[in-house]
Amino acid sequence: MTLQPGATLGFVGLGNMGTPMVRRLVEAGYEVRGYDTDPEARERVAALGATVVSEVDKVAAGADAVLLMLPNSDVVERVLYSDGLLEAARPGTVLVDMGSSRPHSTRTVAEWAASRGVPMVDAPVSGGVGGAEAGTLTVMAGGAAEDVEHVRPVLERIGGKVQHVGDVGAGHALKALNNLMSATHLLVSSEALLAGQEFGLDPEVMLDVVNGSSGRSGSTEAKWPKFVLPGTFDSGFGLRLMLKDMRIAVELARETGLPSALGESAVELWAKAAEELPPTADHTEIVRWLQNEHGKGRR
Ligand code: NAD
């Protein structure tokens, strides 16, 4: 039986992505029990009609599935092990990690969860805060086919497009690789667009041409027009979260014996930016950082 509206879902991590996800689930008729360490986040989702609990293990009470939308694997492990969430989950509850975690950690967690009768699905997403608000994310699900099918209606309500990409951990591997591509595209297209601008070309004209040509990417089609040109740098995806994903991907590539030379260089640049920008910097601020690196800051 699949998880239809009316089912009870625990949800941990009510940040930039978690909040709009919970809103969509509540609006569809799911009973959501939410938790976040940040009291403001808890208030935000309480106002959306979710039940909020004061300790993380309480999200598991009566839950058919527990969804996590946390910053990284270290936090996932802390919540599941030290904070007692896994112990509180009853056998048969499906654990769904929707954040971008380390695939090796995910596999270890999944084994531990399975030994307690709790199946795990990793279901990271791509599409940003806008996609989470509109329900137009791509969900990359890893896990046993029957577990993915069981939670599919929930994932579809959150994301729209759900693809089963392999065993548990496969979603997290693919998500990290996707973000290594995305971050590297953003770097190289920004270097090119900034050089063109310095040469005297109009950025809007360049984007218009590139987006009809072979240099186009998500960075030229969405990130530059939406967040860079207007000077808002407010995509809602942190620069440090992107760096975490890039590091997961280059480590994975190294382990396969096919290291990514370009990816490693991108990580080096990104890590330098992360050291120099404030902790809250949005990932699109890499463009402003590139300009400043060469004393050409304008925005
Ligand atoms: P965020 O920092 O906005 O939200 C994370 C939330 O987790 C925060 O509200 C924080 O208070 C909470 N939290 C931290 N430690 C906790 C703990 N121990 N117990 C309970 N709550 C805790 O991050 P986000 O942008 O929502 O991203 C979440 C995950 O999704 C990350 O893995 C990120 O890489 C991934 N992701 C983000 C985007 C995006 O556009 N923002 C897109 C795709 C994937």
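Backbone N, Cα and C atoms are what each Cβ position is placed from, and that goes for glycine too.
Here is what TrEMBL records for this protein:
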type	residues	note
ACT_SITE	LYS175	active site
DOMAIN	9-166	domain '6-phosphogluconate dehydrogenase NADP-binding'
DOMAIN	169-290	domain '3-hydroxyisobutyrate dehydrogenase-like NAD-binding'
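Taking H, G and I as helix, E and B as strand and the rest as coil, DSSP gives the domain '3-hydroxyisobutyrate dehydrogenase-like NAD-binding' (169-290) the counts 91 helix, 2 strand, 29 coil. Cβ neighbours of the residue listed as 'active site' (same chain, under 8 Å, six or more residues apart in sequence): SER100, PRO124, VAL125, SER126, MET140, ASP245.
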